[in-house]
Amino acid sequence: MGSGFSTYRPKAIYLDIDGRIQKVVFSKYCSSSDIMDLVCIATGLPRNTTISLLTIDDAMVSIDPTMPTNSESVLTQVAEQFSRAFKINELKTEVTNHLAMLEKRFELEGLKAVEIEKCKSDIKKMREEMTSRNNRTTCPCKYSFLDNNRKLMPQRDVPAYPKHVIITISFSISLQMLSCLEHMYHDLGLVKDFNINPITLKRWLLCIHDNYRNNPFHNFRHCFCVTQMMYCMISLCFLQEKFSQMDILVLMTAAICHDLDHPGYNNTYQINARTELAIRYNDISPLENHHCAVAFQIISQPECNIFSNVTTEDFKKIRQGIITLILATDMARHAEILDSFKEKMENFDYTNEEHMIYLKMILIKCCDISNEVRPMEVAEPWVDCLLEEYFMQSDREKSEGLPVAPFMDRDKVTKPTAQIGFIKFVLIPMFETVTKLFPMVEELMLQPLWESKNRYEELKKIDDAEKKVKHNNALLMTHKYLIIFLDHILKNL
């Protein structure tokens with residue numbers, strides 16, 4: 001006699017997971033999503049992963065309580081049910097590819113979800129670094145070359161230079177400059193033409209930023225100004241019609257790297273003080289050689305190698321071009337380079353490689369000392385910064401018993417006297433020569449130089465008049481005291 005209840009057994013299916021047999025048991029009361037979760041767990045995939053079950057002939061099987069069963073024996077015989085429940089290898093590949101795509105997208109979009117926290121961390125690190133630099137007691141020139149290797153690797157995660165992040169003024173300006181430099185490489189087509197990884201470009205720029213010291217003048221802002229002027233000249237003079245893209249890459253990269261790790265003390269000090277740099281480079285452009293060395297030490301790091309996708313032959317050309325331009329920024333070679341360029345100008349040929357090399361050297365020299373081309377409110381603070389750096393050096397030279405250049409001596413130089421000669425005998429002749437090739441330079445760059453010279457000459461006249469008045473007043477006072485002294489003597493006779 002029956003009990004009135006039928007015997008119920010849970011349903012079981014067997015899955016082939018990369019050759020491993022896995023049994024899955026579920027009741028008729030389970031929903032399709034419950035069974036799907038069980039299958040995902042059995043295969044080691046996250047829940048809610050979209051999967052499909054396939055028979056041996058790749059026919060799809062519905063995943064629900066009414067799905068057909070199989071058995072282990074049938075499974076091992078590869079029979080007519082679904083001996084391979086689903087193609088787990090194909091599914092894993094699909095999931096892996098999808099995750100890789102998401103990770104790449106997450107990276108390229110600049111890690112927006114954690115950007116603010118990373119920026120806060122960056123700010124803290126930069127403040128600590130600036131504090132340590134400001135507290136230095138040793139001479140910043142007498143350092144070991146290897147001591148700076150710690151900065152050649154990226155010291156922090158790569159930010160996306162977002163416009164929406166509100167942070168401190170100093171760090172915000174740095175981010176804006178980095179963002180602008182990155183934009184220049186994209187806008188000039190360099191990222192595309194040389195297959196530069198955008199993330200590598202960001203890391204490289206960050207590493208460049210970290211390897212500029214906090215000098216009054218030769219700092220990362222100077223690097224940015226020089227590069228921005230180069231970018232303007234490329235656009236203003238239509239240089240992409242004259243130069244190859246490799247030449248444009250060399251011009252921009254040399255501008256960015258041209259003063260890397262500048263210690264704030266010039267070549268004259270390095271040579272007279274017999275610093276490590278002067279000894280290493282045999283008194284021949286020690287700073288410029290050092291800038292080149294640091295630049296290519298940074299690029300030698302895989303994480304910062306923006307040239308990783310160029311051929312070996314192209315890299316040699318790029319490297320040689322950058323070195324040539326950075327070495328040309330040594331002002332001790334100014335007359336030599338300008339005179340040679342003027343000779344080429346008599347019959348300049350854009351197809352002549354030597355002519356083009358000298359043109360590139362003149363271009364980076366123009367950009368390097370172009371502050372007076374800018375509006376007065378921008379240019380004049382840079383003069384103050386340069387004089388501050390000069391005075392730091394001359395004070396040190398006096399304390400160490402080294403020769404002091406008159407134009408760097410705080411007791412002898414003034415802002416007008418410092419600028420008039422420099423503009424008149426260095427800047428104007430060089431920009432006048434460039435104007436012969438590129439007439440558009442005259443109005444935007446040469447004319448401001450004439451105006452700046454005239455302004456400083458007026459300031460000098462005012463200074464001279466004030467000095468004359470002070471001198472006359474001093475003579476009058478001396479004469480007055482002399483009369484009083486004589487009168488006193490006569491009364492006592």
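Numbers run from 1 along the shown chain.
Backbone N, Cα and C define each Cβ position, glycine as well.
Among the features that TrEMBL reports, domain 'PDEase' is placed at 141-463.
Residues or ranges marked as AMP binding site by TrEMBL: His218, Asn219, Phe220, Arg221, His222, Asp259, Asp368, Gln419. Annotation for Gln419 (AMP binding site): spatial neighbours Glu372, Val383, Ser452, Lys453, Tyr456, criterion Cβ-Cβ under 8 Å with sequence separation of six or more.
Per TrEMBL, active site, proton donor is recorded for His218. Cβ neighbours within 10 Å of His218 (AMP binding site), excluding its own Cβ and spanning all shown chains: 25.
As annotated by TrEMBL, Zn(2+) 1 binding site applies to His222, His258, Asp259, Asp368. With a cut-off of 8 Å between CB atoms and residues at least 6 apart in sequence, the same chain places Tyr212, His218, His222, Cys223, Val226, His291, Thr329 near Asp259 (AMP binding site), listed in sequence order.
The feature Zn(2+) 2 binding site is assigned by TrEMBL to Asp259.
Of all the binding-site residues listed here (Arg221, His222), the one with the fewest other CB atoms within 10 A of its own CB is Arg221. The two recorded residues, Arg221 (AMP binding site) and His258 (Zn(2+) 1 binding site), show a Cα separation of 12 Å. Neighbouring residues of the recorded Zn(2+) 1 site, listed in sequence order and excluding His222, His258, Asp259, Asp368, comprise His218, Cys223, Val226, Ala255, His262, Thr329 (Cβ within 8 Å of the Cβ centroid). For Asn219 (AMP binding site), the same-chain residues lying six or more positions away in sequence with a CB closer than 8 A to its CB are Tyr212, Arg213, His262. For His258 (Zn(2+) 1 binding site), applying a Cβ distance below 8 Å and a minimum sequence separation of six or more within one chain yields Cys223, Val226, Glu288, His291, Leu325, Ile326, Thr329, Ile364, Asp368. Model confidence over the domain 'PDEase' (141-463) stands at 91, taken as the mean pLDDT rounded to a whole number.
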